[in-house]
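K.L.:
Before I ask anything, let me first share the structure, which is written out below as structure tokens.
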Amino acid sequence: MSLPVVLIADKLAPSTVAALGDQVEVRWVDGPDRDKLLAAVPEADALLVRSATTVDAEVLAAAPKLKIVARAGVGLDNVDVDAATARGVLVVNAPTSNIHSAAEHALALLLAASRQIPAADASLREHTWKRSSFSGTEIFGKTVGVVGLGRIGQLVAQRIAAFGAYVVAYDPYVSPARAAQLGIELLSLDDLLARADFISVHLPKTPETAGLIDKEALAKTKPGVIIVNAARGGLVDEAALADAITGGHVRAAGLDVFATEPCTDSPLFELAQVVVTPHLGASTAEAQDRAGTDVAESVRLALAGEFVPDAVNVGGGVVNEEVAPWLDLVRKLGVLAGVLSDELPVSLSVQVRGELAAEEVEVLRLSALRGLFSAVIEDAVTFVNAPALAAERGVTAEICKASESPNHRSVVDVRAVGADGSVVTVSGTLYGPQLSQKIVQINGRHFDLRAQGINLIIHYVDRPGALGKIGTLLGTAGVNIQAAQLSEDAEGPGATILLRLDQDVPDDVRTAIAAAVDAYKLEVVDLS
């Protein structure tokens, strides 16, 4: 029996080949050479690339035996994940390969900025000795604010604490209990800005976080603060930061990332108080080596038919055929539970009832977590990293089964509990020969509406004319109602309406609707 073929298309460290083991046949190809790549992939069971080789639909179509594409790095811009998923090809990357390098680089920038090391170095190289011109500031005894407590943010917090600093943090998706476990005081962003002597930013770049540290935020910081951004370009307003340094409010800064890259012209480059590097956070030999060995291990597992860490798509995973159709619905239930919760829940419970309870359904717990975190995490949320994300943010998750399901052959309930004891419950089922997804319950109120598209959920005071006001305001804004269903509260004057719309609802229209019908709660959720 021939060994599976692993095709390496880009230059990788020798340790990568060693990590693949002796149960595969390793071949090499010049991946950027399109013709050579297309000629080599038909016999490949696995394809390993870095950033130089493009793996698109054409390459995938030419590789009928391909089971896994492994990107030795974090980004996946050169891999068509959707095309791979459509062909049942697993896609993996190495999301944790550079976290230590990135954390250390942030600390290097902070230290260099606090002691004016680059400016002092340049001065001495000009054959001048100006000790008095380069007085620095200690980290010991100071308050360091970490904005974003993901994997890298936590590493920075742990390491900076060793300097004798007091660490505070802002992250709306980390529970106070989890922060306490880390020995970190959790603050609002405004409080962190006001208290921190140093601020290090470690957030993903999303519409909500872009420009987070802007002119207004900088004005709230302590005089003499030092700011570091080694996360994503655009989180810090570079022009506003330059003005704050020039004006003397901000003492210094360190940046490894910029809103536009490559960046060779910035007002920050003219300031001696600013330390800049050209996006070097992951540029260490160890990070590159780790990326190769990480994906090699994923390839080894995939070819052995085992569960694969760091998978970024569903289609390549091995899931029971009775359970597979429920994955997307339960993900949507997780999204819905998260949106309806006032804050990130501290616990998530998935109950499987009816015939489906006879199957192995652990993957549905992961699917619900994927949905819960997908709206707040920039990187791909996978069946493997979802539990780690939950652990990092202090969210527990469980799954339970019950054979009884009076109204449906099978139904899945997702229950989210907040730190304040608030509870959100949502339920869904599959129906018909096409296994259409349906929402059947939200917070004890019964529905029968397809789980798809943009949905507006309003819990409001049920008075005559309320529905007309909602329809009029949406219509005036050019938003079409595709489907709607009303469920009245069992007791009291309240009702909940679920409307599926043809587009998102502008913020001002949401505000107007909430005021018009005395809404207790109004949320828009994308269930596409």
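Backbone N, Cα and C define each Cβ position, glycine as well.
Quick paste from Swiss-Prot:
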type: ACT_SITE; residues: Arg232; note: active site
type: ACT_SITE; residues: Glu261; note: active site
type: ACT_SITE; residues: His279; note: active site, proton donor
type: BINDING; residues: Arg151, Ile152, Asp171, Ala230, Ala231, Arg232, Asp256, His279, Leu280, Gly281, Ala282; note: NAD(+) binding site
type: DOMAIN; residues: 455-527; note: domain 'ACT'
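Looking at the shown structure, can you explain where the listed features end up?
P.N.:
Summarising the environment of Glu261 (active site), the number of other Cβ atoms within 10 Å of its Cβ, over all protein chains shown, is 11.
Around the Cβ of His279 (active site, proton donor), the same chain contributes Asp256, Val257, Phe258, Glu261, each under 8 angstroms and 6 or more positions distant in sequence. The DSSP secondary structure for His279 (active site, proton donor) is coil.
Secondary structure counts, DSSP: the domain 'ACT' (455-527) has 21 helix, 31 strand, 21 coil.
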K.L.:
Quick one: among the binding-site residues Ala231, Leu280, Ala282, which has the most Cβ atoms sitting within 10 Å of its own Cβ?
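P.N.:
Highest number of other Cβ atoms within 10 Å: Ala231.
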K.L.:
How far is it from Leu280 (NAD(+) binding site) to Arg232 (active site), counting Cα to Cα, in Å?
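P.N.:
Cα-Cα distance, Leu280 (NAD(+) binding site) to Arg232 (active site): 12 Å.
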K.L.:
When you measure from the Cβ of Asp171 (NAD(+) binding site), which residues in the chain that are at least 6 apart have a Cβ under 8 Å away?
P.N.:
Val147, Gly148, Leu149, Gly150, Gly153, Ala179, Leu186, Arg393
K.L.:
For the NAD(+) binding residues given in the record (Arg151, Ile152, Asp171, Ala230, Ala231, Arg232, Asp256, His279, Leu280, Gly281, Ala282), what is the largest pairwise C-alpha separation in angstrom?
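P.N.:
Spelled out: the longest distance between any two Cα atoms in Arg151, Ile152, Asp171, Ala230, Ala231, Arg232, Asp256, His279, Leu280, Gly281, Ala282 is 25 Å.
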K.L.:
If you average per-residue pLDDT over the domain 'ACT' (455-527), what number do you get?
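P.N.:
Mean per-residue confidence for the domain 'ACT' (455-527): 92 out of 100.
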K.L.:
Looking only at Cβ atoms, how many others are within 10 Å of the one on Asp256 (NAD(+) binding site)?
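P.N.:
Taking every protein chain into account, the count is 23.
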K.L.:
Helix, strand or coil at Ala231 (NAD(+) binding site), per DSSP?
P.N.:
coil
